[in-house]
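Worksheet: the structure to be examined is printed underneath.
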Amino acid sequence: MELHLTPRLKQRPAQAAACERYVDRLPVSSELRSELLADPSMPASAGISIDPRDAQAAIEQLQSRLSAREPAKGETPEPGGSTYGSVGRRFSLAYGNPQVAGEPLLKRRPDGTVHVDTGPEPQRSSMVPRQWPPHIVTGWVRNTWRRMLGRPPVPETWDTLHDGPDAEGKWHPAGSHRRWFLLGLVVAQTTLATYFMTKVLPYHGADLLEIAILVLFAVLFSWVSAGFWTAMMGFLVLAKGGDRHLISRSAAPDAPLAPDARTAVIMPICNEDVTRVFAGLRATYESLGRTGHLANFDFIVLSDSGNPDLRTAEVDAWMEVCRAVGGFGRIFYRWRRHRVKRKTGNVADFCRRWGSKYRYMVVLDADSVMSGDCLATLVRLMEANPGAGIIQTSPLAVGRETLYARVQQFATRVYGPLFTAGLHYWQLGESHYWGHNAIIRVKPFMEHCALAPLPGRGPLSGEILSHDFVEAALMRRAGWGVWIAYDLHGSYEELPPNLLDEVKRDRRWCQGNLMNFRLWLKQGFHMVHRAVFLTGIMAYLSAPLWFLFLLLSTAMLARHALVPPEYFTQPYQLFPTWPEWHPEKALALFSATATLLFLPKVASILLLVRQARQYGGLPRLVMSMLIEVVLSALLAPTRMLFHTKFVIAAYSGWGISWKSPPREDAETTWGEAVRRHGSHTLLGLAWGALVYWLNPSFVLWLLPIVGSLALSIPLSVMLSRVSFGRASREAGLFMIPEEALPPREIVETQQHVEQATETPNFVDAVVDPVTNALMCATASARVVQPASAKERHAALVQHALTGGPRALTASQRHILLGDPFALSKLHELVWGSPLADAGWKNIRLLVRRAPNVLPLRPRVA
């Protein structure tokens, strides 16, 4: 918030100046201001000598006047004192008297306390995780042994969980045939490529080193082949206009929503950019309001923020958004005191408190934005498909301006539809769930998707990090379908702004996927979701495998350069084995592999020829694709080293910290780039020098790897620049339709961000009369407290008063924010006590300037 010094502070008596400064921070009329300050004990003339302690008495009297009632003689005073008694009046002066279902938002309780409910009325139910089933082999051995002993097999509790109506849907035979076809394509293509690889090697796979190279090549090539055929089938599906099993075609686009199809739009957040979070939430809410279906939805922000400043800002932002859109009773907020199990615990806490009130829930990320039409369509699809447990949208990446992010937005927008359509083609109703921008059927989710910790010790045990794949597998195990509505429009997200922020996110995902792989052979899961676990780990395990493949290839080169050839490799061999080098075969195999990587991108361009104008025109679209291919090749070795490090770290027991990703266009500094990429540069230079020393002609083969590593520092810095991103947009490169013609929801989100004022923090919650009233009203007031708790809180108030804001830890600040009596008492003391630390006094000397944008404060009383 913008602050300035008040002009009324010159030569005023201590108690009068304090009261004037206090009233100046309240949105009151001049008449009410005069009424509050009119008191014989607060003279207006200067130069009168008054005991400084009178300032505290004057503040107390001012609080009594604000509370609009003076306690009669012998009457029990307001709980928490006169300052707490003024909370309701201060709240009403600032925010008016909002109504929720005909009742005032600010409720006055019989015990004298006031409270603002920020969440829905609780309707508690249970959500209990089940123990993980045994390994397939373990279960088979155990039951086989029991049969040999004449005992019945142990009943499998998870076999009784198939209560979903879509255990074997009409789509299942088609899906089974398609997956076998995919497996055949991958195996055939990998076998052929591995055969040609044996012809490239000098001894054709006759020694251990070459056998190891062949094994790694087969694994890596099969991974590339699976991606290639997924994209190709996606191309065919999109070219012919869609799949006949497409779930988005199962409901009429204008079908009315049933009144009992109650849906909660939940947004779990943790230490996020508050302005961006509530701007996106507001844009989504307003878009839904334009559809006329707002009555079916509630919006709930679920905060796990551990920063007291952000907690204060979130409550203030919730209030302002509700006032701006009339969202009281529709938009809710909850701050979780016991922040356990990260996002899964936050969602589970929602399910236990309010899940039984809703049939569906839509999960959003902190950077998610969805259109009202998309939300309404998701509910229609759920209603039309009673066997669907999860329907995942394919969110479009928008909103970033760095060159790196714009390239990634272009890639996901142009190539992404091929891969998501291909995934849908193979998976159908046994698909992915990505944790956000998806709708979930609440009842089966609560019954089957509670996550038990993984047994054991170490970083790959305990609470599951990457919960989404596991929840999809559990939902499908129970007989409910999991679908991707890849052609559904109106779902948006944001990407990391630079390479280093992307790999920070990848480290969390890497460890989460490695943990999930422990469930790969657990009993009860469907084969498709076993494949999902496998592809999840291969997304990161392929990096160290590729690195090892390159190291072994370098070792083979060193052996042939430094060690005399061995012509007799087998006992009693009659004829020598001559090493053969066939550069033309190696080039052909390299070209074939590059084609598998490059052809899906060309196919994507072919699909967009008619829409090329939305991408800057066909020439710029093709140029953008070519530049993206080059940049991807340059970044691939750096990503390889990062992912290799993450895999090694996970298996070595190195812990990770789970921090929220940046929600703004953060640029990489040269210092950070040197720290993070310095070892990559040295490795690239040393590796290239070694190969040149061994055989100069082989440097060209390795140049794309070592050259990229040598350039990793400037590449990382330059790609993170916003100026380069904007220049590329002005040149018409990396354009996407959402930039050429931005959706209304994205435009409004940006407008709300730009119009927002500075958010309040913990110090404002203590000092500012309005923010203090808001935080006191939204906290839970407990009139009856143990004497020990009262003593601790009273001591904390004195410690905060004399020590100032810097003397308080985060946990102490949260204690004060959670106790409205202590918070209001500290508020009174920092205004009136001579013992107040200078940190409080400096803030107290400032007056909030009236905001000039959204109506953050109502008209004066």
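Glycine residues also receive a Cβ, built from the backbone N, Cα and C atoms like all the rest.
Pulled from Swiss-Prot:
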| type | residues | note |
| --- | --- | --- |
| COMPBIAS | 67-76 | compositional bias 'Basic and acidic residues' |
| COMPBIAS | 105-114 | compositional bias 'Basic and acidic residues' |
| REGION | 65-89 | region 'Disordered' |
| REGION | 101-129 | region 'Disordered' |
| TRANSMEM | 181-201 | transmembrane segment |
| TRANSMEM | 208-228 | transmembrane segment |
| TRANSMEM | 532-552 | transmembrane segment |
| TRANSMEM | 589-609 | transmembrane segment |
| TRANSMEM | 616-636 | transmembrane segment |
| TRANSMEM | 698-718 | transmembrane segment |
*Mind checking which residues reach the region 'Disordered' (101-129)? Cβ under 8 Å, same chain, six or more beyond either end.*
76, 78-80, 84-85, 87-88, 91-92, 298, 300, 315, 318, 328-329, 332-334, 348, 351-357, 446-447, 450-452, 774, 776-778, 780-781, 783, 820
*May I ask whether the transmembrane segment (208-228) has at least three C-beta pairs under 8 Å with the transmembrane segment (532-552), counting pairs 6 or more apart in sequence?*
yes
*Remote residues contacting the transmembrane segment (616-636) - C-beta distance under 8 A, at least 6 residues beyond either end*: 407, 410-411, 414, 499, 598, 601-602, 604-605, 608-609, 704, 708, 711, 715, 719, 731-735, 740
*Beyond the flanks of the transmembrane segment (208-228) by at least 6 residues, Cβ under 8 Å*: 182, 185-187, 189-190, 193-194, 197-198, 201-202, 419, 535, 538, 542, 545-546, 548-549, 552-553, 555-556, 559, 593, 596-597, 599-600
_Give me the DSSP three-state residue breakdown of the region 'Disordered' (101-129), ordered helix, strand, coil._
0 helix, 8 strand, 21 coil
